[in-house]
Number of protein chains: 2
Amino acid sequence: MKQWLEEKLLQLNVTEYMDEEYGFTRLSYTEEEKQAHEAFKKAAEELSLDVVQDEAGNVWARWKAAQEDAPTIAIGSHLDTVSGGGGYDGAAGVLTGLAAVKQLKDKGFQPTKNIDVVCFASEESARFGVSTIGSKATAGMMDKGELGSVEDADGVTVKEAVESYGLSWESIDQAEKSPDEIERFLELHIEQGTQIEDNGAEIGIVRGVACPVRLQVTVKGMANHTGTTPMNNRSDAFVAAAPIITYVEEQARKRNGVQPTPIVATTSTVKLSPNVMNVIPGEVQLGIDIRSVDDELKRNLAEEIRSYCKTIEASKDVKVDLHTLVDNDSVHLDSSIQEQLQEITEKIGYRVHPMDSGAGHDVMNMATRWPSGLIFIPCRDGISHHPKEYASIEDLNKGTNVLAAYIESIASDHQ
Amino acid sequence: MKQWLEEKLLQLNVTEYMDEEYGFTRLSYTEEEKQAHEAFKKAAEELSLDVVQDEAGNVWARWKAAQEDAPTIAIGSHLDTVSGGGGYDGAAGVLTGLAAVKQLKDKGFQPTKNIDVVCFASEESARFGVSTIGSKATAGMMDKGELGSVEDADGVTVKEAVESYGLSWESIDQAEKSPDEIERFLELHIEQGTQIEDNGAEIGIVRGVACPVRLQVTVKGMANHTGTTPMNNRSDAFVAAAPIITYVEEQARKRNGVQPTPIVATTSTVKLSPNVMNVIPGEVQLGIDIRSVDDELKRNLAEEIRSYCKTIEASKDVKVDLHTLVDNDSVHLDSSIQEQLQEITEKIGYRVHPMDSGAGHDVMNMATRWPSGLIFIPCRDGISHHPKEYASIEDLNKGTNVLAAYIESIASDHQ
């Protein structure tokens, strides 16, 4: 199985070597994503699965149950990446889904339910700033009107990208599946953190997915000549904004000390205007990303940041506006699936760490319509969205064993 | 004269109204700069001046002395602007140069020296990051090898821009003038600050031009997922860089309290990588601009910033590199010209403020080869490089009077 995992990992990444210096770039609805999907189709067909691409570009590979009207268990993730990302984020879930099927087929297992391995389209927000487009379509969560006109950095809209991918924008929302078409959904993903190892475990079983609160802070001062404007006569937006960056980090750090649920907050983007050497910054825009499974905790921090911005406005000669870009409730995954997964994983002999996910995944959307579970495997140093992203074949194999055992437990006659 | 100033100000700005919402954009060696130069030629020809464009695109308009081999006094500035700049930075000097000639002609004055009004090409660094290209060519300071391949934001090189402007790159350095071709040079410019008014004066006579020390600080941390990387396991380059912004401002401010020569320092640019919402900043590049006529003072502050960066590196889990981009000696202008200008200005009845210039001007280059002077007139609230930049016709008229009186004093038979 390990050799098969190694081979298919390369195939799904359309590469001969996993340690590509610049990583992998397979942005949403591009030729590169399509090539990875073609590799997935090929690998699925080698396992004699029935492959169909739906209206959103998601590819479904079915291992049919003997019985015609059997329920369906779906397992999957995605194959698109960020720009210069790794070959495991998404790929690990698709690969281990196929591998679990292979393992069960190899041992002569006959499922009493259809097993669908799905490769969702366009999970990463790197191209359009919008994530999980494929699984949103499946779960009936797509806002077509708003989405169609969203542009990438080159001004190409989602609609245009979808159509040049060979799909019809007109019918993209027909990818939606009704509640009775799927019984439950499972995703396996690399952790993108180090909690599993830090807690001496091998597999993470996820309780909830922390959806972000995202803030946009705009500080308006006055642009002026750097050489001719005395220090005591300035309204420098960047100087006013700098303590906000420090505050966000300090406050998030402090809160982790005093209560049990983790919270993270990051000033991750900046736009300076005019951003030229001889002009005092007249305007700064900061993007702040706050995450915790505890929605009250993250909203409380957002409020504290808002108050702090008011303090800055009152003490410096600037105007500060705070705008909430995103504020979604966190997703709590099905507790009985968590229990089953934990039991099965421990039965195999792997140490389990129950945890939350700080990153969003396709399972967030699937969980709004179907009971769902999320399994994490470790990745080296927690690095992801980076060429150095890495998960061992050993860990991919462990993930495969968990998925296979879980399928066996719920899709067999002895159930 | 005031009506003439108003009309010509509009003509030189190729506009019908000075209060354009988005200001004026006449970048280096563009069609827009050329149109302004054409307007200058037209205005100069209306005054019966002999107009020639040199190999660098500078336009020289000569009021010939009666005597064939008379020396030449040059007066001028530029007509290019930053992006969304004002209609006075540069234009004020070109306009008042022409106006001084008109005033003297109107009263029947016959100069004993040639009076050249010059409109230099490409003074602003907004397009190429390189300033005063035209006057560098005149003063023989152009480094053609290095300059030619400098690119604008669209990848157009200076060489390509110069050639599409209709000039020959091959011969651009032939614009150089030998020391004996000019006797002295005068520039009038808006102050781009408020020291003239703050000191209850009407005209500023400049002693020196503060050339900047420019630093590039690169902070390298580790990019990672904002949602999955705990607060205690981060190497956030932006968090590490934020105190540097505060430090630069505080230190510059502090120094102005304890010694007489002004100093200014600004963190004016930032480049964040990857600058996306769900990734912790892995690298930050800050651009810092430090200016003072006291070269030791500015270099001392640069050293303090370097030390502070070492402190940051030692206390946070990041690497900090500091690179000096620019470090030029400040330019001290001819003291006898300063004295003459001050005497003449006070004789007219205007209150004079002797001061330094925090901004660079064409006169910096001219002063390396010819005795030179720089006259400032006030501009409203010190605002420049901005659509709100404004200087009154009243003040432009005062500047004209100073220039005319100065020319009269040094280019007449009674001298």
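Think of each number as a place in line: the chain as shown, counted from 1.
Each Cβ is built from the backbone N, Cα and C atoms, and glycine gets one as well.
Annotations in TrEMBL come from automatic prediction, not curation.
Listed features, source TrEMBL:
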BINDING   A:H78, A:D89, A:H189  Zn(2+) 1 binding site
BINDING   A:D89, A:E124, A:H385  Zn(2+) 2 binding site
BINDING   A:R214, A:N278, A:R291  allantoate binding site
DOMAIN    A:215-313  domain 'Peptidase M20 dimerisation'
Cβ-based proximity (under 8 Å) of the binding-site residues A:H78, A:D89, A:H189, A:R291 to chain B, or none: A:R291
Counts by DSSP class (helix H/G/I, strand E/B, coil) across the domain 'Peptidase M20 dimerisation' (A:215-313): 44 helix, 31 strand, 24 coil
Spatial neighbours of A:E124 (Zn(2+) 2 binding site), counting only the binding-site residues A:H78, A:H189, A:N278, A:R291 and Cα distances within 10 Å: A:H78
Entries of A:H78, A:D89, A:H189, A:R214, A:R291 which, being binding-site residues, have CA atoms within 10 angstroms of A:H385 (Zn(2+) 2 binding site): A:D89
Length of the line joining the Cα atoms of A:R214 (allantoate binding site) and A:D89 (Zn(2+) 1 binding site), in Å: 23
Inter-residue C-alpha distance, A:H78 (Zn(2+) 1 binding site) and A:R291 (allantoate binding site) (nearest angstrom): 22
Pairwise Cα distance for A:D89 (Zn(2+) 1 binding site)/A:R291 (allantoate binding site) [Å, integer]: 19
Binding-site residues listed as A:H189, A:R214, A:H385, least Cβ neighbours within 10 Å: A:R214
Any further residue of that chain within 8 Å (Cβ to the Cβ centroid of A:H78, A:D89, A:H189) of the recorded Zn(2+) 1 site: A:S77, A:Y88, A:G90, A:A91, A:A92, A:G93, A:E123, A:I190, A:H361, A:D362
Surrounding CB atoms that lie within 10 Å of the CB of A:N278 (allantoate binding site), all protein chains: 27
Whole-number Å value of the largest CA-CA distance among A:R214, A:N278, A:R291, listed as allantoate-binding: 37
Cβ neighbour count (within 10 Å, all chains shown) around A:E124 (Zn(2+) 2 binding site): 24
Integer Å distance between the CA atoms belonging to A:H189 (Zn(2+) 1 binding site) and A:N278 (allantoate binding site): 47
Rounded inter-Cα distance in Å - A:R291 (allantoate binding site), A:H189 (Zn(2+) 1 binding site): 19
Per-region confidence, the domain 'Peptidase M20 dimerisation' (A:215-313) (mean pLDDT, whole number): 95
